[in-house]
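Colleague: Have a look at the structure that comes next, please.
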Amino acid sequence: MANQGYCVVLLSLTLLSLAIHGSLCFPEINEDNNGSPSTTAGKGKRWAVLVAGSNGYYNYRHQADICHAYQILKKGGLKDENIIVFMYDDIAYNSENPRKGVIINKPNGPDVYKGVPKDYTGTHVNAHNLYAVILGNKSALTGGSGKVLSSGPNDHVFIYYADHGSVGLLGMPSDRVYAKDLISVLQKKNASKGYKSMVFYIEACEAGSMFEGLLSSNLNIYATTASNAEESSYGTYCPGDLSVPAEFDTCLGDLYSISWMEDW
């Protein structure tokens, strides 16, 4: 198991490098060719959908993960118009947060909250809006910024979802994302030639059940998850860890997520 975990971490780091710096998966794109809409001489654009599916201060780590991912993608050259963020946005200025207006993803780490787009917050963080965003269906949205995944057949998409999960589902503040529904949305996106390649990361318990036996290879989606279909995922930098400032009484990150984001 230890060797397997090490390989997963190495693979995740490799994929993230592809997403940021360009490669066969996420090719390097000049500044004028990284916006919306798609299609310029066969070169693709890079897009990202970042989802923190929880709320409440005790779930600090999920929004911290998503904010950290945003900062990495921005550092790698993606524009805000190509990054869509779902987060309840009740952490940074929460009365329990000892550092008002700041979110960190590791002990004494930098503020990852600053500059993060607030595309879908509060009650607008829901499964219906997520599906509409992925499908590029603005008319189906119920609130939010209106930003959708307007990707085309040459484009490369990264989706990262951090939350709680169970067999066949992922949490949302007021509803659920079910495996069969998510797969159906991805199939529709593929059928509409809405991407060339997609990388999908999920941080949640039993996250493997969202794809296992459901994700067809012909969709050209590489999915990696924090857990298989039967096991838990774990928070990290939690109270009691000697490296965590005593002022924090909640976990700052998730083990799987910090494994591929920590050094970026």
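The backbone N, Cα and C atoms fix where each Cβ goes, and this holds for glycine too.
A TrEMBL annotation is a machine prediction, not a hand-curated record.
TrEMBL lists these features:
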type	residues	note
ACT_SITE	H164	active site
ACT_SITE	C205	active site, nucleophile
SIGNAL	1-25	signal peptide
Colleague: Sorted by position, what residues of the same chain at least six away from H164 (active site) have a C-beta under 8 A from it?
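Modeller: Residues satisfying the criterion: G53, S54, N59, L170, G171, A204, C205.
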Colleague: Would you count the other CB atoms within 10 A of the CB of C205 (active site, nucleophile), including those on all shown protein chains?
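Modeller: The answer is 21 other Cβ atoms.
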